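The active site, proton donor feature in TrEMBL is assigned to A:Glu46. Per TrEMBL, the feature Zn(2+) binding site maps to A:His44, A:Cys69, A:Cys78. The NADP(+) binding site annotation in TrEMBL covers A:Ala148, A:Thr190, A:Asp194, A:Gly277, A:Pro278, A:Arg279, A:Leu280, A:Ala281, A:Ser282, A:Ser283. Marked as substrate binding site by TrEMBL: A:Ser162, A:Arg178, A:Leu198, A:Arg201, A:Glu275. Taken from TrEMBL, the feature domain 'CMP/dCMP-type deaminase' applies to A:1-117.
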Protein chains: 2
Amino acid sequence: MAQALREAARGLGRTAPNPPVGCVIVSGGEVVGRGFHPRAGEPHAEVFALRGAGERARGGAAYVTLEPCSHFGRTPPCADALIAAGIARVVVAALDPNPRVAGRGVERLRAAGIEVTVGVQEPEAVRQQAGFRSLVTRGRPWVVYKYAMTLDGKVAAVGEGSGAVTSAQSRARVMQWRNELDAIAVGIGTVLSDDPALTTRGIKDGRDPRPVIFDRQARTPVTARALRPGTIIVTSPGAETTHLEEVGAVIVRAEALPDALGELRELDLSSLLLEGGPRLASSLFAECLVDEVRTFIAPKLLGAGLPPLNNAAYSMTDARALRDVQLEALGPDLLVTGLLNDIPRLEVPGALGER
Amino acid sequence: MAQALREAARGLGRTAPNPPVGCVIVSGGEVVGRGFHPRAGEPHAEVFALRGAGERARGGAAYVTLEPCSHFGRTPPCADALIAAGIARVVVAALDPNPRVAGRGVERLRAAGIEVTVGVQEPEAVRQQAGFRSLVTRGRPWVVYKYAMTLDGKVAAVGEGSGAVTSAQSRARVMQWRNELDAIAVGIGTVLSDDPALTTRGIKDGRDPRPVIFDRQARTPVTARALRPGTIIVTSPGAETTHLEEVGAVIVRAEALPDALGELRELDLSSLLLEGGPRLASSLFAECLVDEVRTFIAPKLLGAGLPPLNNAAYSMTDARALRDVQLEALGPDLLVTGLLNDIPRLEVPGALGER
C-alpha cells in the first residue's frame, strides 16, 4: 500500500475534482503492474495498473488507495475492470465518501467472489485525499494555511524588503506543496505589498498552482505577477472587473467567504494553499474555514512585526486545538503541521473490513 | 564526567556566587567518591569526593566539571587538596573563567606531576555553569526568557482568567527551572494582573527562587503573593518604597536595565528566569540583555492576544538568530531552547589539553 500511496502522490494537484489514486498489482510475490490517476478525464489508477500487468493480473492482488468506483462516470467502473481481469484479492486503503460509491465498489467486488480488505494505511490515504473528500462531502476545497514565523510569533517585519523568515530547505518544501495543491490563495494586501509570482520553482515536472486572489474591491493591478490567464479573482458582487477579465482573469463574486469557497468548488479546486496575509487568514480562521495549518518556526527573535493571525479571542480557553500534530526539523527550522477540522471519511463498518 | 555533571546539578540554584560543581573519584575501575558544591561557604565538590574516597583516592582519577581552584577563597585551593590526596589523574570539563583561576588550577596540578585532561563534555559543563560564568566575566546574571505561546504566537489572551497555554508536563518543567535558577523575574504588569506566587511547586527538596519585581514606580501592593522577606524590587532612584521595605523587600534602584542587572550581581544572583510579561522582556531584549530563550509552543491557535515580544524591528533581517537550538516534544507541546548570547568560556589552549 505504501507503494500505491507513492503512485497516487504523482497525481497530487492534477486530478481535481477527482481524487489522487494509486494502484499496485502483485502476483506471484512480485509487482506486475502499477498506475496512478493522472488527471480528470483520463483513466483511473486501476486501469493503468491492469494494463501493465496484462495476463499476469489473473489470480493476483490489487492494492488501491481508494475504493474502486462502481459507477459510470467519465470512465467505466473500475470494480468491473478488476473483476474482468480475474483479480483474486483487493486491498483498499479507504472507502470512497462520494455518495455514488460509498461502499458499493467493495460490495460489487465481493459479489463477484473477490476477497476484499479495507482500512490498510487508511490515515495516510485519507490525508492524501483531503481535497477530494472535502469537495464531495462539504462542497468546498480543503484549506491549508501555511505560514512561517520567528520564535516570537512574527510572520513579517513592518518594513519593506523584509527578507525571508525561514531557510532554503523550508522554502523548498513550500514549492513542493505548491506543486501538490490545486490552488494558491493570497489576499489583495499581499499582492499590493509583495507582488508575489505564486509559481512553483525548482521542482522537477512541477506545475504552477492556480492563483486565487481575495480582492473585495478588485484592486489587483493588471501588472501583478500573479495575474495570468486563469487566475481567479474573488471579489464582491458589484466590483468593476473588466480590466482584469481582459487579461484572462476568472471572476468569482461572493458576499461571504463560505460562498466564495463554494464557488471555487465549481472551478474544480479541491485544495487551497493559503499563503497570506494574516488578514485573509484571520477572516477564514474566524469562520472555521481553515482546515489545516503548516507552520514553519525559525529559531530567531524579531521583537516586532505582524502575527500569523489577528482577530478576536477573549480567553486562552478559546484557542482551537490542532489534531494529528506532526513535528519535523527542517534544516535550522521547525515544521509543525496539524488539522483544525476533520478530513471527511467513511467509517469502515465491520461488514466491510476483512472477511 | 556525566556522573560528575549530575552531581553538580544538585547544587543548581544554591551555589551563587559560586558555580555548581560536581566531582567523581574513580580508583581501580570503580567510583570511590563523589561530591558536589552545595552552597557558597561550604566545601567544594572535590573536598566531599575526597572525603568519600579516603585512602582509596591515592593513585586514582578525579573527574571534575570545573577546573579546580588554585587560590584561597573561603576555602583552601582544591588543586592542593587533590595533590595532597595523591590523585594521579584529573579530568576537567571546562576551565574556570574566573581571572583568579583561568588555567592556574590546571598548571598547579601539572606542576605536581598529575596528568590533566581538559575539555571533556565541555559544552554541557559550560551550559550548566552559565550563571557563574556570566557573573565572573560580565558582572551580571545570565537571563533566561521563558514563555509559552500558541502556534500563532500568542502568550496570553486579552481577557481575564485566560487559562494555561501549555500542558501539565510543560508547567512541571517550569517548576524544575524555578528550582534551578537563582531568581525569578517579572514586570509589575504581571504582578498587578496575575498576582503570581512565583514559588516552586511539586519538586522534591525544591526551594523557591528569589522573586525580582521590575517596578519602576514601586506600585507592588504589599499584599502581592510574590512579596516575601527578601523579594527584590527593582525601581527608580526616586521611588517611595517605605511600605515595601517594611514587609522585608530588598530595594534595588537603577535608572537603566544594565545597571539593574549589575546590582543583582551584588546580591549574588547569577541567573534570572524571566517569566513575563512581554513588556519587560521586550525592554531587556532590545538591550541584548536576554541571553537565552526557552519557548513552549502549544499546538493550538488563538487568533488574538499578546505576543511574547513587542518592540521595534523594521526588517526581518533584524531578527536575532538563536544558537545551540534544541527541540523537545513535551507531552502535546514543543519546547525550543536556544542562546542569544554566548556563554563566556576560556578556550582550551593546546598546551592545556591532554598531554
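The backbone N, Cα and C atoms fix where each Cβ goes, glycine too.
These numbers come from a predicted model, not from an experiment.
Taking every pair among A:Ala148, A:Thr190, A:Asp194, A:Gly277, A:Pro278, A:Arg279, A:Leu280, A:Ala281, A:Ser282, A:Ser283, the residues recorded as binding NADP(+), the greatest CA to CA distance is 20 Å.
Ranking the binding-site residues A:Arg178, A:Arg201 by how many other Cβ atoms lie within 10 angstroms of each Cβ puts A:Arg201 at the bottom.
Chain B lies within reach of A:Ser282, taking the recorded positions A:His44, A:Glu46, A:Asp194, A:Pro278, A:Leu280, A:Ser282 and requiring a CB-CB distance under 8 A. Across the range of the domain 'CMP/dCMP-type deaminase' (A:1-117), the DSSP-based residue counts are 36 helix, 28 strand, 53 coil. A Cα-Cα distance of 23 Å separates A:His44 (Zn(2+) binding site) from A:Arg178 (substrate binding site).
Regional average pLDDT for the domain 'CMP/dCMP-type deaminase' (A:1-117) in the model is 92. A:Cys69 (Zn(2+) binding site): 26 other CB atoms within 10 A of its CB, across all protein chains.
Reduced to three states, the DSSP call for A:Leu198 (substrate binding site) is coil. Of all the recorded positions in the record (A:Glu46, A:Cys69, A:Leu198, A:Arg201), the one with the smallest CA separation from A:Leu280 (NADP(+) binding site) is A:Leu198. Checked against A:Glu275 (substrate binding site), the binding-site residues A:Cys78, A:Ala148, A:Asp194 differ in C-alpha distance, with A:Ala148 being the nearest. Here A:Asp194 (NADP(+) binding site) is positioned 44 angstrom away from A:Glu46 (active site, proton donor), judged by their C-alpha atoms. Ranking the binding-site residues A:Cys69, A:Ala148, A:Asp194, A:Ser282 by Cα distance from A:Arg178 (substrate binding site) puts A:Ala148 first. Annotation: A:Glu46 carries the greatest number of neighbouring Cβ atoms among the recorded positions A:Glu46, A:Asp194, A:Glu275 [cut-off 10 Å, Cβ to Cβ].
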